[in-house]
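Participant: Pasting a structure here, questions to come.
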Amino acid sequence: MGSSSFLVLMVSLALVTLVVVEGVKGGIEKAGVCPADNVRCFKSNPPQCHTDQDCLGERKCCYLHCGFKCVIPVKKLEEGGNKDEDVSGPHPEPGWEAKSPGSSSTGCPQI
C-alpha cells in the first residue's frame, strides 16, 4: 500500500469516527426543559444517562441533584410568556392565596 493510499485511509477513518461520535453525543432533543437545580454538590454522581435518547418516554437527560439522570421535563413557556416566570416548581390552583391566622382577606395582617 502506497503512502498516498495510507493517508486517504487514515483521513477516511478520522472522518467516520467524528461523524459517529457526533451522532452519539447529539441525537434528537425531547420537548420541554430540564427542571431548575439549586443543589450544591461536593461530588458528582455517576451519570445515569448521556442524551435524551437514553431516557424512556418523555423523560429527558438532565443534570439534577449532583448527576445526570432521566427526569420528567417542565413545559416550555408559551410564546410571549413572562421569561422570568419560574416554571420549575409547583404552582397553586387559581384563586388560591396564602392566609395566616389573624390576616385579612387581602393577606395583610390585621392591626
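These residue numbers are counts, starting from 1, taken along the chain as shown.
Cβ coordinates are placed from backbone N, Cα and C, and glycine is handled just like the others.
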Participant: Disulfide-wise, see what Swiss-Prot says Cys49 is paired with, picking from Cys61, Cys62.
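Facilitator: Recorded disulfide partner of Cys49 in Swiss-Prot: Cys61.
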Participant: Between Cys41, Cys55, Cys62, work out which one Swiss-Prot annotates as bonded to Cys70 by a disulfide.
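Facilitator: Here Swiss-Prot pairs Cys70 with Cys55 via a disulfide bond.
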Participant: Just confirming the record: what cysteine out of Cys41, Cys62 does Swiss-Prot connect to Cys34 via a disulfide?
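Facilitator: Within the candidate set Cys41, Cys62, Swiss-Prot assigns the bond with Cys34 to Cys62.
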Participant: Return the member of Cys41, Cys49, Cys55, Cys70 nearest to Cys62 (disulfide bond) in space, with distance defined Cα to Cα and candidates limited to these disulfide-bonded residues.
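Facilitator: Comparing Cα positions, the candidate nearest Cys62 (disulfide bond) turns out to be Cys70.
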Participant: Select one residue from Cys41, Cys61, Cys66: among these disulfide-bonded residues, choose the one with the most other Cβ atoms within 10 Å of its Cβ.
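Facilitator: The residue with the densest Cβ neighbourhood is Cys61.
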Participant: Roughly how many Å separate the Cα of Cys49 (disulfide bond) from that of Cys70 (disulfide bond), to the nearest whole number?
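Facilitator: Cα-Cα, rounded: 7 Å.
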